[in-house]
Amino acid sequence: MTENNTTQQDIKHRDDHVIKKLLSTVGRPNPIFKIWIIALLVIIFVGCFAYYRQLRFGLIVTSMRDYTSWGIYISNFVFFVAVSLIGSLVSSILKLAKVKWSYPLTRISEIIAVAAIICAAVIIIVDMGRPDRFLNVIFYGRIQSPIIWDVLVIMTYLIISVLLLYLPMLPDIALCRDRLKNISIWRQKMYKILALNWQNKPGQLRRLKKTSTILEIMVIPVAFAIHTITSWLFATTWRPGWDSTNLGPYFVSGAFMLGAAVIIIAMFFIRRSFRLEDFITNDHFDKMAKILVLLSLVYLYFNINEYLGPAFKMVGVEGEHITELFSGDYATMYWLVQIPGLMLPILVMLFKFGRKPFVVMIVSFFVLMGAWFKRFLIVIPSLQHPYLPIQDVDESYLHYYPSWEEWAITLASFAGVLLIITVLLKLFPIIPIQEYINHQDNGEVQSTDK
Amino acid sequence: MKKNETKRFTRRSLIKYTGLLGLGSILGVKLLSCTSSSKPGGKMIKVMTPEGKLMEVNETDMSMAHPHFANIEESRKGIPGRKFVMVVDLAKCKNARECIRACEHHHNLTPDRPFIKVLEIQDNPRSAPYWMPKKCFQCDNPPCVKVCPVGATYKRSDNIVLIDNERCIGCRFCMAACPYSARVFNWGKPKQSQDVTNIKYSPETSTPSKIGTVEKCDFCPDMIRGKKLPHCITACPNGVLYFGDANEDTVTNGEDTVRLSKLLRDKAGYRYLEELGTEPNVYYLPPVDRLFPFKDTKA
Ligand code: SF4
């Protein structure tokens, strides 16, 4: 009896300790953090100015012209859609597969997913020639158009992602409400409202568990759909490099690989700036690196499929397109994407030494860079090889170097993603506390004093 | 073109004059109300008024007058019972580029947004190069219409594909989808005079152009409604371009009126990139037996 009591107390004591530690990241004042936010805001401000110029003068401020009629806005959009896929990878696929070590990463990955999908939606509006007519999409929407499919699926994914972030967080928000006393009034109020009167009642817990499971299952087809449909924006046309039945799985596998890299980078910097070494361990890096290798191999497979057939046949414009990529104007970028962006991660991370946090983070950066340029290579060169030759046009129509406005807006979209992530990380506990405790009670946690 | 009508017009000039007849009637009203406003400069050209009188008007005024104004609903339906087609005789094209100029003039375009291109094509290293006038093919299975998210670009019953630039959201999906690069975009504010921007818009005239929207060759339905040929057809000095109605099986280049089926049969007419399944309504006659050296026709 007494023994039982002490363990009870021990557990309670230990839980208190964990809660305190994990809640301490919430809203911790920090000068570097302020500088970071200001820097992001400055970048966003410059982007807004560039967008103001675009609204005023039209898309002429970009380097897009007839022929190269889509540019880095679209490639960046595809990139962010790809990033948003990690939400489903970590928070649902791994979770449903009962991979125990992954749960401290669920909230981080959901936050990134939400931030990326919001910015993807914004970028697509930036690309429109007539953003003032956005509502036409609702008034006159034609369900036959892949753009409408994309709009619908992005909205669905956004809603599910927000719910998947928010609902499992309810117990933690309740903790913030109950335990964080010396914070500003508005934040106390915010937690109170957001907690939706959560009291850890058995009924509430049961319903939450059910809802979460439903959402976790639902998000998987939607996540696949969002990226597949984005690939259909291209695959439904006759452009070389787009006119391929491989494009859907190619995009999805690429997105998974990118997603794993993004989560590794996020883990590295979050662990460092919020001192979460006890919760995000070296072991996490090792395991995520292994996942990244696996996903890279899958992507490599689709990548070979994408190029081998056309490169073997070298038919017409498709052949021109391949030549341009392999040895033409885009060769440097193409091989940068293929070698450091795809081969290197596989080779380095096969070895144990290559799965140390710092190395993994650097390699993930290469993957990230490769993935961004890969999206560029998907969108732009294809447009420059139409069936009929490009003649009688201004020299500027033959190339595409994004203008400063395009770069500014693109950078601002990155800053936007980072800002949303930072704010959410600051406002809410990063590691799901309740879940952590549950897992600990079940004795499923690896020793935290590694 | 009704059969009996086209048969009467055997001479080009006659076509031109009757073509201008309708214009004259509109301009008559226009000029009466503001006789003093005709601008200096610009070529003066002769038109015929409904009373049969010849009069001179400024060419710049001409371009603004469209023979028939169709409102949005009307321009979505198309002209009943018609199936418009074009035939391009590649053997005759000498790169005169008059079609481009006439089109530019009529639609108030700048040279960076042409609806028509004349491309230099060489099918293989051993064959001779030739000129290929290219406009919108007004496909029966149009990729641009299929992808448009808002139905701003649409197919009509008379074969014509048009764009409603008051609905277009500027996503440029149609440009990516068109395998013939027929579409141009208003990247900036289109350069047009105040008079042009004041004209009431109709998808049938594609005028005035609007920033952030897409445009292309429209087969000049406003001219057709006024029983006249599209501008490029009458402008071509070499009789390369034929226009007509597939239901009536007749096409004319303004000078000769011929049976469409016979023309295509006799001269082995083909459609560009037939294998894509877009079912174009512009036919080409192969560039055979050309009587002029290609290099002399280079600009
Ligand atoms: S650019 Fe305009 S016409 Fe073309 S697909 Fe988009 S909305 Fe439709």
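Including glycine, each Cβ sits where the backbone N, Cα and C put it.
Residues or ranges marked as transmembrane segment in TrEMBL: A:32-52, A:72-96, A:108-126, A:146-167, A:214-235, A:247-270, A:291-312, A:332-351, A:358-380, A:407-428.
Taking residue pairs at least 6 apart in sequence, the transmembrane segment (A:72-96) and the transmembrane segment (A:214-235) share three or more C-beta contacts under 8 angstroms. Below 8 angstroms of C-beta separation, residues 81, 84, 87, 91-92, 107, 110-111, 113-114, 117-118, 120-121, 137, 194, 208, 211-212, 215-216, 218-219, 222-223, 225-226, 229-230, 232-233, 236 of the same chain, each at least six residues beyond the ends of the transmembrane segment (A:146-167), sit close to that stretch. Counting Cβ pairs closer than 8 Å to the transmembrane segment (A:108-126), the top stretch among A:32-52, A:72-96, A:247-270, A:358-380, A:407-428 is A:72-96. By the count of Cβ pairs under 8 Å, the stretch nearest in packing to the transmembrane segment (A:358-380) among A:32-52, A:72-96, A:407-428 is A:72-96.
Long-range neighbours of the transmembrane segment (A:247-270) within the same chain, counting only residues 6 or more positions beyond its ends whose Cβ lies under 8 Å from a Cβ of the stretch, are 78-79, 81-83, 85-86, 89-90, 105, 108-109, 112, 224, 227-228, 230-232, 234-235, 276, 280, 284-285, 288-289, 291-292, 295-296, 298-299, 301-303, 305-306, 345, 357-358, 360-361, 363-365, 367-368, 371, 374, 421, 425, 430. Same-chain residues lying 6 or more positions outside the transmembrane segment (A:72-96) and placing a CB less than 8 Å from one of its CB atoms are 62, 102-103, 105-110, 112-114, 116-117, 119-120, 123-124, 126-127, 154, 157, 161, 164-165, 215-217, 219-220, 222-223, 226-227, 230, 251-252, 254-256, 258-260, 262-263, 371-372, 375-376, 378-380, 402, 406-407, 409-410, 413, 417. For the transmembrane segment (A:407-428), same-chain residues at least 6 beyond its ends with a Cβ under 8 Å from one of its own Cβ atoms are 25-27, 33, 36-37, 40-41, 43-44, 46-51, 54, 72-73, 76, 80, 83, 107-108, 111-112, 114-116, 118-119, 122-123, 126, 169, 172-173, 176, 187, 190, 266, 270, 274.
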